[in-house]
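Over in Swiss-Prot, the protein carries these features:
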- 1-19: signal peptide (SIGNAL)
- 24-224: domain 'Pentraxin (PTX)' (DOMAIN)
- N51: N-linked glycosylation site (CARBOHYD)
- C55-C114: disulfide bond (DISULFID)
- D77, N78, E155, Q156, D157: Ca(2+) 1 binding site (BINDING)
- E155, D157, Q167: Ca(2+) 2 binding site (BINDING)
- N166: N-linked glycosylation site (CARBOHYD)
Amino acid sequence: MNKLMSWVSVLIILPEAFAQTDLRGKVFVFPRESSTDHVTLITKLEKPLKNLTLCLRAYSDLSRGYSLFSYNIHSKDNELLVFKNGIGEYSLYIGKTKVTVRATEKFPSPVHICTSWESSTGIAEFWINGKPLVKRGLKQGYAVGAHPKIVLGQEQDSYGGGFDKNQSFMGEIGDLYMWDSVLSPEEILLVYQGSSSISPTILDWQALKYEIKGYVIVKPMVWG
């Protein structure tokens, strides 16, 4: 009887761990540097990506480099990675190849980041606080692998692991959305302004499935 009750409890608890949650007006708070604390984002991505756009808001007072978004597949790390190298310097990795852009930033201050990549041309773009940076190019003709492990707060050196405290994120992340297309400049501006008129196809902050591991707290956004 006790075993039966235990299994019933597991069946009740597990769906809640991966519940689809509306996080509008909220953030994930990563209160410390660590090699363990992270959030796994859950999505059913069955096909490789030939186009993508990722947008998020972040607030951190770290001056060292850290991972903002880590997407790995079983066969390789850094399949898709957004990494902040230092104040005003951002890198996008596609298939372990990277491009880097630089922006003028106040430090510390909240930032809205969008990045996109188009396989047919290889063109990668960054938009910081609604303003476009100089375009870069990488991995023309490539396809980003499917069935990913997506992690916030840490940079993966293996599938879902291999974390390094010196690359961990400390601060707050919110309003994260991802599409399987390259958004137009007009659409990027709408996202920056907080519009929800452009429906995300991969990750949606207003209907997010996630799992928290370690010391990460969901709190109201007070700086957006």
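Our numbering is plain: 1 for the first residue shown, then up by one each step along the chain.
Each residue, glycine too, has its Cβ placed from N, Cα and C.
Cα of N51 (N-linked glycosylation site) to Cα of Q156 (Ca(2+) 1 binding site): a span of 22 Å.
Around Q156 (Ca(2+) 1 binding site), the C-beta neighbours below 8 angstroms that are at least 6 residues distant in the chain are S70, N72, D77, K149, G162, F163. Put simply, E155 is the one of the recorded positions C55, N78, C114, E155 whose Cα lies nearest to the Cα of Q167 (Ca(2+) 2 binding site). Mean pLDDT across the domain 'Pentraxin (PTX)' (24-224) comes to 98 in this model. The record gives E155, D157, Q167 for Ca(2+) 2. Within 8 Å of the mean position of their Cβ atoms, the other Cβ atoms in that chain belong to S67, S70, Q154, Q156, G162, F163, D164. Of all the recorded positions given, namely N78, E155, D157, N166, none has its Cα within 10 Å of the Cα of C114 (disulfide bond). Under DSSP, C114 (disulfide bond) is assigned to a strand (E or B) in the three-state scheme. For the recorded positions shown (N166, Q167), fewest C-beta neighbours within 10 angstroms: N166. Separation of the C-alpha atoms of N78 (Ca(2+) 1 binding site) and N166 (N-linked glycosylation site): 17 Å, rounded to the nearest whole number.
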